[in-house]
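Asks: Here you go, one structure.
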Amino acid sequence: MEEIKKEEEKSLNFLEEIVEEDLAAGKYKSILTRFPPEPNGYLHIGHSKSIVLNFGLAQKYGGKTNLRFDDTNPVTEDTEYVESIKEDIRWLGFEWANEFYASDYFEQLYLFAEDLIGKGLAYVDDSSAEDIALMKGTPTEAGTASPYRNRTVEENLQLFRDMRAGKYRDGERVLRAKVDMSAPNMQLRDPIMYRIKHAHHHRTGDAWCIYPMYDFAHGQSDSIEHITHSICTLEFVSHRPLYDWFIEKLEIYPSRQYEFARLNLNYTVMSKRKLLQLVNKGYVTGWDDPRMPTISGLRRRGYTPESIRMFADKIGVQKRENLIDVSLLEFCVREHLNKVALRRMVVFDPLKVVITNYEQEEEWLPSEDNPEDAATGHRKVPFSRELYIENEDFMEHPPKKFFRLSPGQMVRLKSAYVIKCDEVIKDAAGKITELRCSHLPESKSGGAQSNIKVQATIHWVSIPHAITAEVRLYDRLFRVDDPANEEADFSEYINPDSLQVLPAAYAEPALRDAKFNEHYQFLRKGYFYLDKDSSEEKLIFNRTTTLRDTWEKEKKKDRPNQEK
RNA sequence: UGCCCAAUAGUAUAAAGGUAGUACGUCAGAUUCUGGAUCUGAGUGUCUUGGUUCGAAUCCAGGUUGGGCAACCA
């Protein structure tokens, strides 16, 4: 028993291992992580990996997580983003211990800087940005010292205070750390700590005209909060020696940085810059366009927090570059929605069926809301003499493996009767306009003799009772696997058919009461979610994802044969 | 002739010197009042060359490949 249990235990990822070792060694009483977004854009599915990691790690080991906005660059940041970020994190199901801002620490950071100046470890540089870049050297050549590198402590202090006092224009001077201009790691070649920006900050307003750089804000903020494990993405690996250098020289709480590989998903892009371009250039309708990989886009499309957390859990955490198949994300959302979505019938592309031997006016037949969940009940679906079925559910000349309706053949109408196709009506052009069918009264669902064997069950809608709804079908936003790594600009690879709008699908009347807290499965069609563009007069549904469709695959296999 | 990180099925992710496993995807079958779900089965993998060892995905060395680093961005 003990052994079996062990085998079932999920193995730890490398960060969990580090945390367990630290805890076992008594290095910390409890852990404190942080999620540090810059409020300059909306959160995307990649961030959810980091959110689940940071909050999940703390949850698992009885620690806490701070939310800290990394707002050190006033020109790109905005409170609009702060609000959306908070909403998205909460929606994903996490709550932070503290809400902090790097800008809360501006005064402390400033004092840290003066401390380093006093220790002779920072200096004010009057060089232009170009000159600084030039003197930085290249990866293979050492940098050269700035002519201002050896100013006295007093002079540096005065100059830095003058910078703060607003005596200089943007770009006129910077404060630099005095590390090592010939370090093989370029991050260590006297990195800039402060720059002058006479810009309005979303929180501190005009109180400051100098702002710390990431490297002189992030690690210090971690330290101030006593973050134990500061988890970031791989591109910061080369910053870690600097992260540690500042902490060591400042003699402050030693937070430690660990890096993992960011999430990449195929058939989409993940950088904020590229997502912003999609929005600004009108390729999508906004940050919450259901085709966007943003949290808000996925939410609008009908993804659930559970499905995204499951996804984050399944992809794991490692240090190698990855490109994850969207089919895994789709699997996760189907897995969850299958258990919670209410079943409804909607016909997208109607074909009229008349039940010639049906004499009643109407019947309201019970149909299960969710066969996966016994706790859910049934709703009543109206049946009448004239129905719509899906055009593709009928073929006049069916191939061998076609199980649905064709002349002389029978199918079951879900939760209703078995019908037989007796006659195909066509217009002058030869187009099929209507099917004449007869029903088997004794085959009524739930009846004593209802277990007649037919090859297929299809969905349908009663014409006199049907309501209409707009349906928006989404496909991948890009035609290629990895648009960011193609030769041409990523916008060249946008899928022109990523959105297909059906202005008027025919739905059973129960959908009139569709709500935002419910997810729906349109039988045999996919999972759908009410869109925010809906109004009293007009229902609009987004397709979250299709159902798995083995018939679609079968058709593709047959296609070459049919061409012969 | 720089520094750093990484490399296991198609995609991810385990195996901490001792039988290469899991998930998604793919394929086949069973079942089904959703061609869904469910169930069963199949196939595919340790970047390379040496070394250490009774034994290497794992340790060592060289190579190869991919990624990051030269923003007053984060």
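Note that the numbers count up from 1, one per residue, in the order the chain is shown.
A Cβ is built for glycine as well, from the same backbone N, Cα and C atoms used for every other residue.
All annotation found in TrEMBL is predicted automatically rather than curated by experts.
According to TrEMBL, the feature ATP binding site maps to A:38-40, A:44-50, A:Thr233, A:262-263, A:270-272. Positions annotated as L-glutamine binding site by TrEMBL: A:Asp70, A:Tyr214. The annotation domain 'Glutamyl/glutaminyl-tRNA synthetase class Ib catalytic' is assigned in TrEMBL to A:31-338. Per TrEMBL, domain 'tRNA synthetases class I (E and Q) anti-codon binding' is recorded for A:457-531. If you look up TrEMBL, you'll see A:37-47 marked as motif ''HIGH' region'. What TrEMBL records for A:269-273 is motif ''KMSKS' region'.
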Asks: Ten-angstrom check, please: count other Cβ atoms within 10 Å of the Cβ of A:Asn40 (ATP binding site), all chains counted.
Replies: 17
Asks: Distance between A:His47 (ATP binding site) and A:Asp70 (L-glutamine binding site) at the Cα atoms, whole Å?
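Replies: It is 14 Å, counting Cα to Cα.
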Asks: What Cα-Cα separation, expressed in whole Å, is found between A:Asp70 (L-glutamine binding site) and A:Ser271 (ATP binding site)?
Replies: 17
Asks: Taking only same-chain residues 6+ apart in sequence, whose CB is under 8 Å from that of A:Lys49 (ATP binding site), what do you get?
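Replies: Listed in sequence order: A:Arg262, A:Leu263, A:Ala312, A:Ile315, A:Val317.
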Asks: Tally of helix, strand and coil residues over the motif ''HIGH' region' (A:37-47) according to DSSP?
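Replies: Helix/strand/coil tally for the motif ''HIGH' region' (A:37-47): 3 helix, 1 strand, 7 coil.
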Asks: 10 Å Cβ neighbour count around A:Thr233 (ATP binding site)?
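Replies: There are 14 of them.
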Asks: In whole Å, how far does the CA atom of A:Glu38 (ATP binding site) lie from that of A:Tyr214 (L-glutamine binding site)?
Replies: 10
Asks: Count up the helix, strand and coil residues in the domain 'tRNA synthetases class I (E and Q) anti-codon binding' (A:457-531) according to DSSP, in that order.
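Replies: Helix (H, G, I), strand (E, B), coil: 15 helix, 32 strand, 28 coil.
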Asks: Write down the Cα-Cα distance for A:Tyr214 (L-glutamine binding site) and A:Asn40 (ATP binding site), rounded and given in Å.
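Replies: Here the two Cα atoms are 14 Å apart.
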Asks: How many other Cβ atoms sit within 10 Å of the Cβ of A:Ile45 (ATP binding site)?
Replies: 23
